[in-house]
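What Swiss-Prot says about this one:
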SIGNAL    1-16  signal peptide
BINDING   39, 43, 45, 300  alpha-D-mannopyranose binding site
BINDING   78, 169, 170, 257, 293, 299, 342, 356  alpha-L-iduronate binding site
ACT_SITE  170  active site, proton donor
CARBOHYD  180  N-linked glycosylation site
CARBOHYD  268  N-linked glycosylation site
ACT_SITE  293  active site, nucleophile
CARBOHYD  365  N-linked glycosylation site
CARBOHYD  448  N-linked glycosylation site
CARBOHYD  453  N-linked glycosylation site
CARBOHYD  483  N-linked glycosylation site
DISULFID  529-565  disulfide bond
CARBOHYD  622  N-linked glycosylation site
C-alpha cells in the first residue's frame, strides 16, 4: 500500500517547496502526439498488404487509438505507399494504379480510429521507379499528385487537412535506400515530390468556381545526420541553405535517439545536431524542426527490461518535459514543431513486454482459431496522462529531493482569461533513483487558482508494481499463454492508480506531498477543475470489436473539450438470451478505474457478450454524462 500524504492544508515545516506565484504560462501545442512503426514482412505490395491487414496489427492500432482524445493524433508507417498497386501503363506511358488496399487502410485509420497518417513518399510500387530510371522524377510527381487527388475525389479535401507528408525515411541507410539514390537523384526526387504536392488540387467545386490548390507542407529529410557518410540528407540542407525560399521542404525532420535509454540523451543529442546544422547552415533557422524518432535507444525489437515497466513511461514523460524546456530556452530547438515515438510496433514472443512498444502482445496459439491478447504497458498510461495537460504551460521546474536528485514539475492551465485558468493539470516526475540518505521529500504546492465556484481535484499515480502489468505477469511465472484470470489481473494494473479526489473550497489551497515511501520512479498527475468547466459530453462512436469467443474490446470517442475533469467511465451491458429476451442493465465495469475510453469484457465460459452496450462518464464532482448511443453486439 502506498503511503503518499496528499493534503489540502497549510504546512509550516517542509523540506522542499514552491508556490505558483508569478508563473509565466506559454501557449503549449501538444507536440508529442505522433507514433510510428515499420510493418513486418516483405517490402512489396503483397507483404505490406498482409502486414497491415493482420487482425493482431489492427487490434494493436485500435487500442492505441483508444487513448484519451488527443493523446495520439498521427501515425507514421514505413512503406505505407506499397499498399498502392501498380496496374498498367496507359497508351501514353503514364502509370495507372489500384488504390483499393490503400483506401481500405486509410478508411480504417480515419473513420474507425480518427488517426491521421504521416505519409512517407517511399516505395517502388511494382518496380515502376526502378524499371524507369530516366522517368523517376516525372513518375514521383505524378504519383504524389494522383494519390492526393484520388483521396480528395473520394472524401473531399477536409479529410486531408491533418495529414503530414514526408520524404523517404533515412535515405542514407542502405536498408532503406531501395532506389539506390545518389546525391543528385535524391534531390531530383525531393523536388518532384514537392511539385506533386503543389500541383495536387482541391477538387471541391462549389458554385461552379475552380478552386485554387491547397498548399501542403513537406517534411524531410528524416535523416540520422550521423557523419559525412550521409551525403543525401546533408546535400538537401546545402541546397536549402543556398536558396531557402526555394527549399522543397517546409519542416526539417531528423532522428535522434538516446544511447543508454535516458530522456536527457535524446534532448541533448537533438540540441547538438541542430546546433551543428545551424553552424553550417544558419539560413535554416527559419524552418520548423521535428524529431521523428525521439526514442530512448535504437533497435525497437531488442529486449530491454526498462521498456516493460514504469521506467519507460517515466522516460517518455521526461522526454516531453525536457523538449518543452529546450523549446522555451530559445536555443537550437526554439523552432521545435513536434516529436514522435517509434513505439507502435507489435511485440512478439518471448519479448511480449520488453520490446519498444506501447502494448504487450500475447499470441494465443492454443485457442481455435488462434488470436491475440494485448495488455497496455505503463508507457501507454503515460501517453494518456500527457493528454490531460492544458493548453498553456510554465517552464519545467526542478524541486530538490536531495543534493543530487530532483522532481521535475510541469504546470499547465486551460481556460480562464483573467487568471491561471478554470482547469489546471500538473505532472510531477520523480528521478529513477535517489541516494540512500535521501531527505524525506515533502512537496508543498499552492494551487493559486481563481475560484469563482466550487472546484475539485483528482490525483493519479504511475508507480512500480501497482500499475505495472509486467510485474503481475512475472509474479505468475511469465506464461506464454496467460489465462483469463491472469489477463484480468494484468489489465487491472494497466491504468494510473486513482489516489485521491475531493472538493476545494478555499482560494490558494495548498497541496502537500510526502513521497518518502513511494518506490521510485513514479509520476503523478494532479488535475484541478472549476465547476464552471464544460460538463462531460455524451461518449461518441461506441464500437465493439471481437477479440476471441466470448471476449470483446469496447472503445469510444471523447469530446476534446469536456473530458479534462473526467474521473472514470462506466460500461453497461444488457444481455440478450437465445430467445431474444433482454435482462436488466448491468454495470460490467464495477470496481474498475477507467480513465481512458476503452474496456475489454470477458464474462467467462458461462457468460455471453451478446446484447446491448452503453457507456457514460463520471466527473470529479460525481456528475455523470449522458449515456452513449446503445450498440448491439451479436457473436456469430
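Just so you know, glycine gets a Cβ as well, placed from its N, Cα and C.
Worth saying up front: this structure is predicted, and the values here are computed from it rather than measured.
Between the CA atoms of residue 342 (alpha-L-iduronate binding site) and residue 45 (alpha-D-mannopyranose binding site) there is a gap of 23 Å, rounded to the nearest whole number. Nearest by CA distance to residue 45 (alpha-D-mannopyranose binding site), out of the recorded positions 180, 257, 293, 483, 565, is 180. Classification of residue 268 (N-linked glycosylation site) by DSSP places it within a helix. Residues 78, 169, 170, 257, 293, 299, 342, 356 are the ones the record ties to alpha-L-iduronate, and the longest Cα gap between any two of them is 19 Å. Counting in whole angstrom, residue 169 (alpha-L-iduronate binding site) lies 14 from residue 43 (alpha-D-mannopyranose binding site) by their C-alpha atoms. Sequence-distant neighbours of residue 78 (alpha-L-iduronate binding site) (same chain, six or more apart, CB under 8 Å from its CB) are 36, 37, 38, 39, 120, 122, 169, 176, listed in sequence order. Secondary structure from DSSP puts residue 299 (alpha-L-iduronate binding site) in coil. The 10 Å shell around the Cβ of residue 268 (N-linked glycosylation site) contains 15 further Cβ atoms across the protein chains shown. In this structure the alpha carbons, written CA, of residue 300 (alpha-D-mannopyranose binding site) and residue 483 (N-linked glycosylation site) are 27 Å apart. Nearest in space to residue 365 (N-linked glycosylation site), taking C-alpha to C-alpha distance over the recorded positions 170, 180, 565, is 170.
Here the CA atom of residue 257 (alpha-L-iduronate binding site) lies 25 Å from the CA atom of residue 180 (N-linked glycosylation site). Following the DSSP three-state reduction, the secondary structure of residue 45 (alpha-D-mannopyranose binding site) is helix. Maximum intra-site Cα distance, alpha-D-mannopyranose binding residues 39, 43, 45, 300: 24 Å.
The secondary structure of residue 39 (alpha-D-mannopyranose binding site), as reduced to three states from DSSP, is coil rather than helix or strand. The DSSP secondary structure for residue 257 (alpha-L-iduronate binding site) is coil.
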